[in-house]
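Undergrad: Handing you a structure now.
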Amino acid sequence: MNIVLMGLPGAGKGTQADRIVEKYGTPHISTGDMFRAAIQEGTELGVKAKSFMDQGALVPDEVTIGIVRERLSKSDCDNGFLLDGFPRTVPQAEALDQLLADMGRKIEHVLNIQVEKEELIARLTGRRICKVCGTSYHLLFNPPQVEGKCDKDGGELYQRADDNPDTVTNRLEVNMNQTAPLLAFYDSKEVLVNINGQKDIKDVFKDLDVILQGNGQ
């Protein structure tokens, strides 16, 4: 099965991707992993991508698509794949459709994990880190035994600048604006399935699993 996994930051994509991989053995392919592998292998496209990344510039779509093509052509993807972080735009989605068509394949499911904005903000702003040892906590999911203190060494816990509510809210709004056209594109293709990501982790996976087994709409 050929899957695209979508969801805003904090929606739990990584957790659910791990569960899909564990059950189905489908390779989890993220944009970052693809770039790192291509660069490490020293492929022509990897060298090109590195030149843009070293300058702090966006990697052009044609290079990104080429790297995706190389990755999806590997034998571990013969029975399917789980794409995470790609495509990000409608032109990328159209290019992905074309390259898959050239391979006699197509996207079967686009799974979009939906979580309310307020819940995402709570999830993303709850992280706290020890100033002494760097241990990470979460006020909702993994709180310290003593508020504001590290369990290991009693060090002061702090919130990273990019975890503050204003920064998180802005990041979410940017992501929402970017993904809206892509969601509409896949909805028009009748492959988009919205999943309620506010449930317990196990229940979210149950809903995903129903779709992957072909028993859901």
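Any Cβ shown, glycine's included, is placed from N, Cα and C.
Copied straight from Swiss-Prot:
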BINDING   Gly10, Ala11, Gly12, Lys13, Gly14, Thr15, Arg127, Ser136, Tyr137, Lys199  ATP binding site
REGION    30-59  region 'NMP'
BINDING   Thr31, Arg36, Ala57, Leu58, Val59, Gly85, Phe86, Pro87, Arg88, Gln92, Arg160, Arg171  AMP binding site
REGION    126-163  region 'LID'
BINDING   Cys130, Cys133, Cys150, Asp153  Zn(2+) binding site
Undergrad: Cβ under 8 Å, sequence separation of at least 6 from the ends of the region 'NMP' (30-59): give me the contacting residues as numbers and ranges.
TA: 66-68, 70-71, 84-86
Undergrad: Of the binding-site residues listed here (Gly12, Val59, Phe86), which is spatially closest to Cys130 (Zn(2+) binding site) when Cα positions are compared?
TA: Gly12
Undergrad: I want to check the contact list for Asp153 (Zn(2+) binding site): same chain, sequence separation of six or more, C-beta distance under 8 angstroms. What comes out?
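TA: Correct list: Cys130, Val132, Cys133.
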Undergrad: Can you count the other CB atoms that lie within 10 A of the CB of Tyr137 (ATP binding site)?
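TA: Within a 10 Å radius of the Cβ of Tyr137 (ATP binding site) lie 19 other Cβ atoms.
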Undergrad: In the same chain, outside Cys130, Cys133, Cys150, Asp153, whose C-beta lies within 8 angstroms of the Cβ mean position for the Zn(2+) site?
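TA: The surrounding set, listed in chain order, is Lys131, Val132, Gly134, Thr135, Asp151, Lys152, Gly154, Gly155.
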Undergrad: If you count Cβ atoms within 10 Å of each one, which of the binding-site residues Ala57, Val59, Cys133, Cys150 comes out on top?
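TA: By the 10 Å Cβ neighbour count, Cys150 comes out on top.
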Undergrad: Using C-alpha positions only, work out which of the binding-site residues Gly12, Gly14, Arg127, Tyr137, Cys150 is nearest to Arg160 (AMP binding site).
TA: Arg127
Undergrad: I'd like to know the mean pLDDT over the region 'LID' (126-163).
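TA: For the region 'LID' (126-163), the model's average pLDDT rounds to 94.
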Undergrad: Specify the secondary structure state of Tyr137 (ATP binding site) as given by DSSP, simplified to three classes.
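TA: Where Tyr137 (ATP binding site) sits, the three-state DSSP reduction gives strand.
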